[in-house]
Amino acid sequence: MVPTARPYKDFLTPALHRRFTNAALLTLAICWLEATLMSSSRSWLWFWNPFGLTGFRMILLFTPALAVFIVRVMNMHVGSRTTTSAAETVLQKLTSVRTFGTVGWYIFSAWFFAEIYIWSRSAKAGLSWVDVGSDYERARVNENPIFLRSALVCLAVFQSGLHLWRDYDRVCIEEAENREHRQEEGAEVPSPPTLLMAQMDAIGIRLAKLVFPGIVFSLPIYFLFIRRAAWDYFAYPVAMVLQRELQPNTGPVGFIHLGSLVWQTASSAAMLVLLWELSNAIFTVYVSQAPLKKGQPLTNEIKDASGAIISRSRDPNGSLIRGLKAKKDVPRAFAFWELYILCTRFEARRRTIFAEVDRKDGSTWSQVSRHCLAEISAISTRIRKSQEPTQQAASTQPQGQQQGALSTQQSQQSLGLPRIAQKQVVNDQNVVQKPMRKANAADTIGNMARSIGQSPEKNNPVVQSSRKAIEYGIERAGGREAWSPSGLQKVVEERVVTVLKMPVGEPFRQTFARTVKAVVFGVPYSDEINIIHASRSLAKLVVCTLQEDNFGQASKDVPIVVRTYTTVLQDIRTFVATLKPHWSDVYFNDRERDIENNEGLREVREVADVLKEGLQEVLLAFGEYASAVNLSRMDLRLAKEAIGQGGKEMEKVR
């Protein structure tokens, strides 16, 4: 029997810890650089020396960067957001507890950075709590440090909003995978510092877009909401502790050394935003590395040059399977990524997938293929569930008619006498008594019109006034119709559509492309990369069974693989072709249904291309063995139609 497998997180967590440590060391170097810039020492030996105050300041500056790392770990996910509109994205973020945690950690980071910056300034910088002034002046509370702290805290709120909007917490596996492909082609994979340097231009642009507008917008926020409260409840009490002989509290007295304050605010804000952006970039570069250790898959048993075991793994494939069925998206995404890597680059490890047949829940091949097929077929499941409300609505009316007919039949049977007519009585009132009718304005006008029209006198003096009354009644009837529920609904719909066509209505449009991606890839985060890895891994394994499956266990699953790929491709195309656009998508055009040319459906096109490539590889490998593996002509025909134009090679598949 195969020994009990360790959880996949036992391999992934130490790897993430090592990457976190490497990212922290590189971030510490950034902190040393900023600590050097903050130094007020004029000695060329001590202003950069890490064994003096600069080193202590460097350690303190790592705390704001560590707050960013905490935010990244707290919110880390793999797929991109798949909301149907920008307004839905904002609503999800505003109602999430993690959003408040993100804002809180950024505010703490800004406040701590401000304290370090003020502490590093000399006494002449004018950032102390008490302004002593000249010899003939009384000491007073200094407003400059209040504004500096407030401006940096406002920047923290702005940065947290940009952090969430730009989705910094996403682990970009696609970019790291592209680097791995370049390595396979012979190109050298750049180191993390090199990747970081390549992003410096973009970081500089983001810094400029945040620092200067952020300071400008923080001015009205400070003067309207922060200034008086911070002065009364924070600045003045602290200053009273430091200096007893202060002027009475008459409110803020204004800034001192305005030019110096502007420079200090701009420079500190630039260094703070730079620290935030670099910390985010460093974390992303290290965490998005491939699931490898010493050039081997994480779940492998790794030995050093002397043969000593560095990482022990009694059941590598069992641990990998546990990662494939993990509930959390990060371990599952890295497990599928590792499966794809070992299927394409590690032949010895790939052969073990076919060799291990005595597992508790089935052979290694059966479990791996089952999880891959489940990830792929989940697309069809989501499409089917998204169409269920429409199908239920279509079947509601016939069911209601059947229930009405059944109740009528039961009421007939309960009378005990046969009915003469099958139709119901139009009016069950007394047929002898003339029904009383309540007069209204419309009936009165109508009777008057008939009496005038039937009058033999052509020159009746009441004719002109009656005509005016009729016209007035018609106008009033049209006004009442406009104020009816249906009329009001029509007016509201027209106004809403008008707003949606304006730029202010763009965040509220549920566009066709976003709706398609939300259904195909799932919500709240996309499973695109898992689907791609599962499809490529399964296709590679199926093709390799011809040489590596000594037990022939995979041949019976070939028809299932072909049918699954075919069905999913057909479901994607049918769904895109038949999906009704949302009423808020006011600029929808039928050309958006073209997957090949619609850039908004680029991710859907990528998944469809991967499925077609995998299906084509399987058909080319098993085309001549179609009857032996129970592939019918119908399966082959549908698969060819799903692939489309496959070239001359596909003509050999019969």
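Yeah, the Cβs are placed from backbone N, Cα and C, and that goes for glycine too.
The feature transmembrane segment is assigned by TrEMBL to 20-39 (among others).
Same-chain residues lying 6+ beyond the ends of the transmembrane segment (51-71) with a Cβ under 8 Å from its Cβ atoms: 20, 23-24, 27-28, 30-32, 34-36, 38-39, 41, 101-102, 105-106, 108-110, 112-113, 116, 120, 163, 169, 272, 275-276, 279-280, 283. Residues or ranges marked as transmembrane segment by TrEMBL: 51-71 (among others).
Taken from TrEMBL, the feature transmembrane segment covers 103-120 (among others). Among residues of the same chain six or more beyond the transmembrane segment (103-120), those with a C-beta under 8 A of the stretch's C-beta atoms are 38-40, 57, 60-61, 63-65, 67-68, 70-71, 127, 145, 148-149, 152-153, 155-157, 159-160, 163, 264, 268, 271-272, 275-276.
Under the heading transmembrane segment, TrEMBL lists 207-226 (among others).
Through the fold, the transmembrane segment (261-287) approaches residues 16, 19-20, 22-23, 26-27, 30-31, 34, 37-38, 61, 64-65, 68-69, 72, 76, 106, 109-110, 113-114, 117, 121, 125-127, 144, 147-148, 151-152, 155, 159, 163, 168, 171-172, 192, 195-196, 199, 203, 206-207, 210-212, 214-215, 255 of its own chain, all at least 6 residues removed from its boundaries and within a Cβ separation under 8 Å. What TrEMBL lists as transmembrane segment is 261-287 (among others).
Per TrEMBL, the feature region 'Disordered' maps to 383-413.
Annotated compositional bias 'Low complexity' per TrEMBL: 388-413, in sequence order.
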